[in-house]
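For reference, the structure is listed below as structure tokens.
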Amino acid sequence: MNPHAKLILITSLILGTTITISSNHWMLAWTGLEINTMAIIPLICKPHHPRAIEATIKYFLTQSTASALILFSSMTNAWSSGQWDITQLSHPTSSLLLTMAISIKLGLVPFHFWFPEVLQGSSLTTALLLSTLMKLPPITLLLLTSQSLNPTSLTLLAIFSTLVGGWMGLNQTQTRKILAFSSISHLGWMIIIILYNPKLTILAFTLYVTMTTTVFLSLNQTKILKLSTMLISWTKAPMLNTTLMLTLLSLAGLPPLTGFMPKWLILQELAKQEMIPAATIISLLSLLGLFFYLRLAYHSTITLPPNSSNHMKLWLINKAPNTSTAILTTLSTSLLPLSPLMIPMF
């Protein structure tokens, strides 16, 4: 892609995200979402492969449907209350429509079907943008309107997202699809607490973005797209694979790594809100995700494939993690000791 075109698209992505997260008016927020959608579409279809074109069409159709629902929801609310302010969402039909629209935008269950397919048809860099930056505007809208939404529907969306994200990731062999279901599962953890402690949602989202970015950058350096390639990637960059294993275990939420902190604080807050059944269910469902994270970690550091492989062994090259990957890996694995400083903030 032309560097100037790429610069314009990346600038448009940042501009659209900034407009949405800083606006109080529904039309401005909707405009920012549309700029985001229009800017990411050329990046998805850049490889000119049939799968990339298919992913682009799926992404466009789902996002346009979600945008239409957001516009319809805001207009219905403005018609009944005379308010275009995002925080003044008082009409029940508007609240329901907005919940559906944000669920489609984020890829929450049962509106998740597009997300793994779009990630599978995208390059690793574009998949990283779809999994991190493109989640920020919908999460912001959800934070601003969470007090007007139905708590029961949000809890059900969160539990089913954690269930499906863990269950569907078990039999996947493509790394991008595994990370897509990982994203769905993590979004469940963010959504379940958003009504009771929005700061925890921000913390969970920030750490999720940090860990996911680290994983995508590591996979992009070694060009790993499926598990069979990961089996023999240790010969290419052993140090990078070791740090990748630690980051995957952190994504799984294992102590003493960074990923344990948001899950621990979320379960603690749910217990304070007397939501013990929800906390128990979501913690048990996270074991499903733990299985495929452990499988990924095992594949990334295994020294001998368990059976004959069709892939040639790769020569060891001097490819240590670059500076950004090294910094992100450190943040993704070693922030748990700082949690006593963060607990008073929540």
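Cβ from N, Cα, C; glycine included.
Residues annotated as domain 'NADH:quinone oxidoreductase/Mrp antiporter transmembrane' in TrEMBL: 23-288. Annotation comment: TrEMBL describes 290-343 as domain 'NADH dehydrogenase subunit 2 C-terminal'. The feature transmembrane segment is assigned by TrEMBL to 7-22, 95-115, 127-146, 152-171, 178-196, 202-219, 231-255, 275-294.
If you look at the transmembrane segment (95-115) against the transmembrane segment (202-219), you find fewer than three C-beta pairs under 8 angstroms, all six or more positions apart, and that falls short of contact.
The stretch from 127-146, 178-196, 202-219, 275-294 that makes the most Cβ contacts under 8 Å with the transmembrane segment (152-171) is 178-196. Distant neighbours of the transmembrane segment (275-294): 155, 158-159, 162-163, 165-167, 169-170, 172, 178, 181-182, 185, 188-189, 192, 248-249, 251-254, 263, 267; these residues of the same chain sit at least 6 beyond its ends, with a Cβ under 8 Å from one of its Cβ atoms. Tertiary neighbourhood of the transmembrane segment (127-146): same-chain residues 13, 16-17, 20-21, 29, 32-33, 36, 40, 43-44, 70, 86-87, 89, 95, 98, 102, 105-106, 115, 118-119, 154, 176, 179-180, 183, 187, 190-191, 194-195, 198, 201-202, 205, 209, 212-213, 216-217, 220, selected by CB-CB distance under 8 Å and a gap of 6+ residues from either end. Looking at the domain 'NADH dehydrogenase subunit 2 C-terminal' (290-343) alone, the prediction's average pLDDT is 72.
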